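Residues or ranges marked as transmembrane segment in Swiss-Prot (evidence: sequence analysis): 19-39, 172-192, 226-246, 273-293, 300-320, 353-373.
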Amino acid sequence: MLSHIYKKEMIDALRDRKTILLTILVPMIMMLGLVFFYESMLSDKGEQYTLAVGHSLPPALESKLNEIDEISVKTFAKPEEAVDEGKADAYLNVPKEFDSYVNSMTPFKVDVYGNSIDQGSSNAMQLVQSALDQYKNEIVQQRLTNKHIDQSVIQPFTIQQKEADEEKGTSAIMLSAILPMLILTSIVSGAMPIALDIMAGEKDRKSIEALLLTPVSRNKVLVGKWLAVSTFGVASGVFALVFLILSTVLFTENLKTAFQLGDHMWSVIGASALIIVLSALLISAMELFISIMSSSVKEAQSYMSLVVFLPVFPMFFIFSKAPNQFDLSYFLIPFLNLHALFKQLLFGMVDPATILSTSGTIAVLIAIFFLLARACFLKDKWVLPK
């Protein structure tokens with residue numbers, strides 16, 4: 001009888017176009033948008049910045065700035081106002097006596113004006129600052145050469161910064177932030193329509209009484225409904241993961257480096273599949289419990305909005321942390337553990353202890369919410385329409 005109930009609920013759900021829309025199309029559109037957004041953040045290609053000046057620059061300095069492909073030097077009558085009005089990204093203020101000051105070794109000041117709050121202006125200021133530093137070093141080196149002084153006198157050592165994981169770097173950080181959020185949000189949105197309809201909807205239609213009058217036990221009815229909701233949650237999560245991987249690998253250049261998992265690939269896939277299934281079972285139990293407690297679909301929808309935000313909040317707590325900084329406590333906090341685990345997996349860190357801790361925490365929550373849903377489902381005051 002359990003299989004018959006499960007099959008009935010699945011058939012009823014698949015007849016609803018809204019279910020298919022929220023299970024497939026909405027996650028697909030959302031993922032495509034976020035993938036291209038984060039890819040554009042990682043890629044600086046095609047970005048052009050306007051550098052305002054008040055007069056012509058010294059030839060050597062102008063040549064140094066022209067070597068930067070992203071910078072276009074433009075003369076304005078009022079360059080500072082041009083930056084304030086958005087006509088230019090930054091303003092370089094150098095004295096007209098630049099060359100004479102350099103030749104006479106007279107110290108002087110160069111101003112780089114911009115708005116660090118604006119990303120374009122901030123990038124332009126950094127590029128100009130870097131070019132000025134290089135040009136300043138060249139002048140110093142030339143002066144030392146003229147005085148027959150070895151450059152090592154003022155440069156005893158050089159500094160070279162290296163990333164711990166240069167191959168993945170920023171792309172893995174970006175994906176580790178959006179991957180768990182997208183998967184969990186897809187599970188929530190995929191399971192929600194059927195969870196709303198399967199209990200609160202039947203109360204609105206007053207069809208729940210007929211189901212309860214059948215000889216099937218309420219426990220089997222509840223399990224059948226829960227498995228049906230979970231199936232849509234799992235399908236949404238798997239589809240979200242597969243589509244995210246495909247869209248990232250096929251349509252991006254920077255983000256796809258995060259999926260270079262090497263020997264850990266199958267371990268990561270297996271752990272991800274386990275977490276998706278457990279997350280779907282948990283979210284489905286939560287949504288089913290809310291649907292049973294609610295007297296109508298409208299009331300259930302207001303409560304469900306709280307569930308939608310659960311996958312998002314943890315991202316802000318771990319975004320700035322490296323995956324090797326998580327202690328065991330991170331994997332015992334619901335939903336935060338999912339974000340932490342996916343971040344470790346994307347960096348190729350497959351730790352059985354963290355996987356078991358996360359799975360165990362989710363399993364305990366599944367049992368709690370299912371038992372709460374069962375306790376309410378066995379009482380007529382929660383099941384029968386008011």
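Each position is counted from 1, following the chain as shown.
A Cβ is built for glycine as well, from the same backbone N, Cα and C atoms used for every other residue.
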Ranking 172-192, 226-246, 273-293, 300-320 by Cβ pairs under 8 Å to the transmembrane segment (353-373) puts first 273-293
When counting C-beta pairs under 8 angstroms to the transmembrane segment (226-246), the leading stretch of 172-192, 273-293, 300-320 is 172-192
Lying 6 or more residues past either end of the transmembrane segment (172-192) yet within Cβ distance under 8 Å of it, the residues of that chain are 22-23, 26-27, 30-31, 34, 38, 41-42, 165, 229-230, 232-237, 239-241, 244, 248, 255, 257-259, 276, 279-280, 283-284, 287, 304, 307-308, 310-312, 314-315, 319, 323, 335, 338-339, 341-343, 346-347
